[in-house]
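Student: Pulled these features from TrEMBL for this protein:
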- ARG25: site 'Transition state stabilizer' (SITE)
- LYS32: site 'Transition state stabilizer' (SITE)
- ARG171: site 'Positions MEP for the nucleophilic attack' (SITE)
- LYS230: site 'Positions MEP for the nucleophilic attack' (SITE)
Amino acid sequence: MSQREHAPQSVPVVAVVLAAGFGTRFDPDNPKQLVSVGGKPIVCWSIEAFDSNPRVSDVIVVVNPAVRDAVERLVDRAGYPKVRMIVDGGRERVDSTMAALDALAAAGIPADAKILIHDSVRPFVERESVDGCIDALDEFDAATVALASTDTILLTQDRDGREIVSRVPDRPHTFRAQTPQAFRFATIRRAYERAAVDPSFHPTDDTRVVVDYLPATPVAVVAGSESNLKITTLADMPLAERIAAARLGEPTAAATTAATAVPAVPSDMAKEEARARMHAMLAQAAAQLH
Ligand SMILES: Nc1ccn([C@@H]2O[C@H](COP(=O)(O)OP(=O)(O)OP(=O)(O)O)[C@@H](O)[C@H]2O)c(=O)n1
Ligand SMILES: C[C@](O)(CO)[C@H](O)COP(=O)(O)O
């Protein structure tokens, strides 16, 4: 189905942009969600990915005290028409999601609203992934963007301080979680209510909350992309700049590299060649830091 053929949504489609993190692995003195990539703050790229999508009805942004004023100014200046609330998050990512869910409940959001929860530090989420989540919720109560793993994944267990491989899942069934992660409001609310009474509750994403606390609820996988990068450390910045340049259509050498290296590998490309190209690109990105 083309973008123009998407059915109109009969329920609110609410994007929750999580920007309340402390960026300790990036630079705690320089909140990464405010850092500019391609001349635009990372949080703005993420807000725009949803604000500009005609199928998304509302956007809420979750912040911490260190970034609130700056995010408010950015939102005011840009005049994003769908940003309804800027709410305070919490200590961990799940606390920030919970704060957003509480704010949505207080606002009287219907149980069947579609909620798309997104890391603000994934600024280049593809339109197809966002639409894929919205569509998946017509069939499932939960869905997550994820990227098929090109590496073999090892599941391990601790044995006397040494990680020991306990299982090697079949690679076609292994994926790297990305965001957005999408849920009917009642589903994610119920999962969080159950999780909240568990003292050992420290998941790093919202899908895990549903998988662990509502095990009978299937979570559908929606195709992600290599460019839906999570900016975690400073080492991610050169690649982020390349992706931004490609998005902005800048005909630079860097953009040309990104345009050929970042999108999904064509199926007829030899796996080894694709891997070598990716390694070369990452090495080049790392070298630029020095
Ligand atoms: N208490 C928190 C923690 C994280 N996040 C958000 O969740 C996403 C997770 O990405 P991550 O790289 O883990 O961000 P930080 O938590 O900021 O990074 P770090 O773990 O290095 O401190 C980010 O958009 C971040 O702003 C949040 O809203 N509230
Ligand atoms: C939600 C997430 O981005 C999916 O890849 C990831 O789990 C966030 O984890 P982090 O520990 O906050 O980096």
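Backbone N, Cα and C define each Cβ position, glycine as well.
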Student: Sort out the sequence-distant neighbours of LYS32 (site 'Transition state stabilizer') for me: same chain, 6+ apart, CB within less than 8 Å of its CB, listed by position.
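Tutor: Long-range Cβ contacts: GLY21, GLY23, PHE26, ILE42, VAL121, ILE231.
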Student: Running a distance check here. Ligand 2 versus the recorded sites ARG25, ARG171, LYS230: which have CB less than 6 Å from one of its atoms?
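Tutor: Close enough to ligand 2 are LYS230.
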Student: Under DSSP, is LYS32 (site 'Transition state stabilizer') helix, strand or coil?
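Tutor: It is helical.
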Student: Please report the Cα separation of ARG171 (site 'Positions MEP for the nucleophilic attack') and LYS230 (site 'Positions MEP for the nucleophilic attack') in Å, rounded to an integer.
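Tutor: Their Cα atoms are separated by 22 Å.
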Student: How big is the gap, in Å, between the Cα of ARG25 (site 'Transition state stabilizer') and that of LYS230 (site 'Positions MEP for the nucleophilic attack'), rounded to a whole number?
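Tutor: Taking the Cα atoms only, ARG25 (site 'Transition state stabilizer') lies 12 Å from LYS230 (site 'Positions MEP for the nucleophilic attack').
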